[in-house]
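See below for the structure under consideration.
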């Protein structure tokens, strides 16, 4: 079935949208996108929810573990502390028991008391005090009033014998038993009263004194102090005496020791208790003749009960009537204050122990308890940032996994997008090549077909009429055909050259031949080359130069040969800069309609491009030439103009293969992209602006200027006259979008001498035509169909030269790159290894920089890009001849 164009287009319109996408697919796109977005959102939410849950659980569990570790550590420390404090208290009690038993055995007769004296008491008491970890170990004796005077005299002798200080036992009132003066108006400055009457103010049962007769410290100030005179001590002594009297019929000494409630010691601050243990003579086991007195200072009780690293443990020591709070800091007890001051938040963690669990018949003996509590400070020591770190780690790992997943997803999608873009680029490139190369090749093919037709069927042939020679008109027509054919062939080559130059710019392999460039002359010369073309197109082309004021020349100076040059010029590649200017002017001409105008303005900017990096000419390595502002070239046309969107993409990548709907002539569309790269390589800027379609376009090129001396500029001027009178064929095709009507060339000014040339080319037609061109120019040629034939031919020729001095050797080789059996680079290397010293010129369609470098490294002197012309070959030979003669030659 045949489908008409109309029915097909109608069907396509029904099934495709405006962009060529099927309508079914187009309708399905939003739902797919929405589902994808929803799934990704759900995944993100799930991942972060999982991260939050895991982090929360980890934090809670680790925090609980840390707290449990802290509490277990506290319990261990608290248990050790209570046991240690209890052991210290028991040691104090045992120490007093030892002292009491010792005194009862040493002085077994009650009649000897209180007039006793014991040599060595001090060291014995000190040893017992050290072993029991107590500060006080003293001997208190019972003295009745009638014994007081004798006792005082006796103690004088005892203290003297024990080598105690002379002040021992003395008070302001003199020597003797003393008690504290509780009256407001003290009788003596030291607050002591002589006490030998046995009377007391607190209502004691007994008329006695209990002076402290001996102390473990030599110079203790409490010698002869009577504790029975004070209400906070005497009742406990009475209770001990009462206990003994209750057991007077016993055959063994009763347990009547007593511990006082909280008291303040006379010679040491801090809460303490006094331990009173009755001394029974061995021969009278129930008669109390003295007291083995010891102190229980609670700072001592809490010393060394925990390691030094323990910090923040609360210890409460209490009785039924009083309490004191200590806090252990770095292993040392520090009093906090009176009362139970622990943190109620830790009530449930307290550990309690009874410190003085002794057997006694004394009813008033106080019972001391120690309760240990943790503190926030102590538990915080076991709190670390690990829970938070682990929690954040969980969240971070999951977030990182999510990030990596989405990064991977993004990279995969971007890679897929890039592949799609590359595929689209390839498709555009194929369309571009198909259109831009086929168009000029179509002209070439038709022109050649027309020539064949004209040559096969001259006028009159086949009509019966006699054949007549071609007229001048016919010859002119054929010449025009050949010119059009040649022009379109060059257009195709220019497009390929643009592609190669674009590739070099993208890869950074495009090299500039930097030198001082007379930029003002270059602009003027380049613009003038487009004068005839502008007239032919009906476009007015105007140039306005605003040079630095100091460089103007007078007519007299020029006539006298004293022409001065603009000192401010560019350092760069003259050929490339000329191509950039030509590209911009050529574009302006192409897009400007008949009767339009193009205004070109070159302006000196004194402070232009202040931050441009310096360009160095050859021989200026490391040197920085003086900057001198910039030159701005503006090209304003009255052409079709550009939209904002087109301006934004004008110099960007990806535009170069797009078909230009406004372009009248051929071209690759790469010109502006290449021009931008070249201008930036010269440390300059290029930009474009337009008010919209139909309002023209302004292109601006700004290049940095440098200051030169007149002698330098004069040398450059004459060099330009000799070698840069016209742009070369190759330079025109480098940028692209250059009208071929303005082509020039470097024709040899004199035909080179005849050469003997080896032509190595695998294409028979190309080899035949090249040999024909060379022979018509007076050269002799030797053909070779591949690289191996070329090697053999050179080897054979070198042998003939050795055998026959009159033999004319092959002095130049034109070597194709891709050939069977042996490629051009490998063949060149083999020829050089055989000792060939002639010229090897590569003739290649592979003109990427790496291919050219490869060819040169393997022995080629230079490489010419296909299609090659006789003019270029002879120009290269001329260059070789000039160099050999010691002359300079400006290579194209």
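Yeah, the Cβs are placed from backbone N, Cα and C, and that goes for glycine too.
Cross-referencing 1-29, 30-58 with TrEMBL places the feature region 'Disordered' at 1-29.
Note on TrEMBL: of 364-387, 388-411, 412-435, the range annotated with the feature transmembrane segment is 388-411. Looking at 683-717, 718-752, 753-787, the range tied to region 'Disordered' in TrEMBL is 718-752.
Taken residue by residue with DSSP, residue 816 (4-aspartylphosphate) is part of a strand. Averaged over the domain 'Response regulatory' (756-881), the predicted model reaches a pLDDT of 90.
Counting only residues at least six positions away in the same chain, the Cβ atoms of 760, 761, 762, 763, 824, 843, 844 sit under 8 Å from the Cβ of residue 816 (4-aspartylphosphate).
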